[in-house]
Amino acid sequence: MNRSQMKLKWTIWVLSVLLLLACLLSLNVGVVAISPAEVFQMLTGNGTEQQALVLFEIRLPSMVLALLVGTAMAISGAILQSITRNELADPGILGINTGAGLAVVIYIAFSQTATGSLSASGALILPFFAFFGALLTAVLITVLAWKRGFHSIRLILVGIGINAGLSAILITLQLRLSPQDFMEAMVWLCGDLWATQWQYVRTLSSWLVLLIPYTLYKAHTLNILNLGSQVATGLGIRSNREYLILIVLAVAMSGLGVAAGGGIAFLGLIAPHIARRIVGPRHQAMLPPAALLGSLILLLSDTIGKNLLSPTELPAGMVVSMVSAPYFIFLLMKTK
């Protein structure tokens, strides 16, 4: 085992231990305090009914959802950074998250219901609106950015323009909502992990079980595309075709994450960037630590947001932004 493999192994071990500790912290702290021993008792079938309700119906699905959304956002950001060859790229900068948010606000506006009071059928429809909003935004960006093939700078510039336009439409629609719906939409767009029921966890995990292995399968292609489209074509890669496949893959990851977790900014940027600095740019090595980091950051942010100003809860996306914004500024200062 060479030095880089040892470094990757230790990185995954350390991140896994930190993630396990974060999971225990997430299950323990809250309005109803549950000690690690009591958590173990309930997992083995003991404990009070109140503790079981809090653990299995509130904290555990919320924790698992944070892990899944963090993984999806981190991998989506890693894909976009590779195909654009820009370490500052993430689903938010291309307008994908805004497109998903716009679709959700349109649904709220026309259904005249708030996310906190959705019917069972409405709650199932909302994630699909977010996903298709992200997908349609990506299609629009792809069509406008296409000019005899893809160019990373053109793709980012078109994405920034689309993001600005969609944000203006989003604000206009929000102003037409009722006060209750407006507040619900604002909380959701700030990155509120609202879909904390097992049905959403099952839906999201079933998609990620398919998408994550396929992303790892495409890791070698990502390595080559990161060298540039001309080099990739010279090595026998059908660049335009692979760009399209990977953009759809990134959109699927981001759309699913936004559907369940709202507009979480910067997570898709910092998680792959930190992983790349630790283990290097090779995607076979970088993607697993990036996924673990995304899960760890979002889970800790969700735990802090729920307990820092208790009983008032801060959306997890807001905490992620507060932590990540200084790092983003640092990256801008370091970028030539």
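Count begins at 1; order follows the chain as displayed.
Each Cβ is built from the backbone N, Cα and C atoms, and glycine gets one as well.
In TrEMBL, the transmembrane segment annotation falls on 92-110 of the listed ranges 92-110, 206-224. Record note: among 11-29, 315-333, 315-333 is the stretch given as transmembrane segment by TrEMBL. Counted over residue pairs 6 or more apart, the CB atoms of the transmembrane segment (122-146) and the transmembrane segment (243-269) come under 8 Å in at least three pairs, which marks the two as touching. In this chain, the transmembrane segment (243-269) does not touch the transmembrane segment (153-173); fewer than three CB pairs sit within less than 8 A of each other, excluding pairs fewer than 6 residues apart. Taking Cβ pairs closer than 8 Å, the transmembrane segment (61-80) reaches residues 19, 23, 26-27, 89-91, 94, 193, 195-198, 200-201, 204-205, 208, 211-212, 215, 222, 246, 249-251, 253-254, 256-257, 260-261, 264, 267-269, 271-272, 275, 283, 286-287, 290-291, 293-299, 302, 316 in its own chain, all 6 or more past its ends.
A Cβ distance under 8 Å defines the sequence-distant neighbours of the transmembrane segment (315-333), meaning residues of its chain 6+ beyond its ends; these are 66, 87-88, 187, 190-193, 261-267, 269-270, 273, 297-298, 301-302, 304-305, 308.
Long-range neighbours of the transmembrane segment (92-110) within the same chain, counting only residues 6 or more positions beyond its ends whose Cβ lies under 8 Å from a Cβ of the stretch, are 80, 125-126, 129-134, 136-138, 141, 155-156, 159-160, 162-163, 166-167, 169-170, 173-174, 176-177, 181, 184-185, 188-189, 250-251, 254-255, 258-259, 262-266, 268-269.
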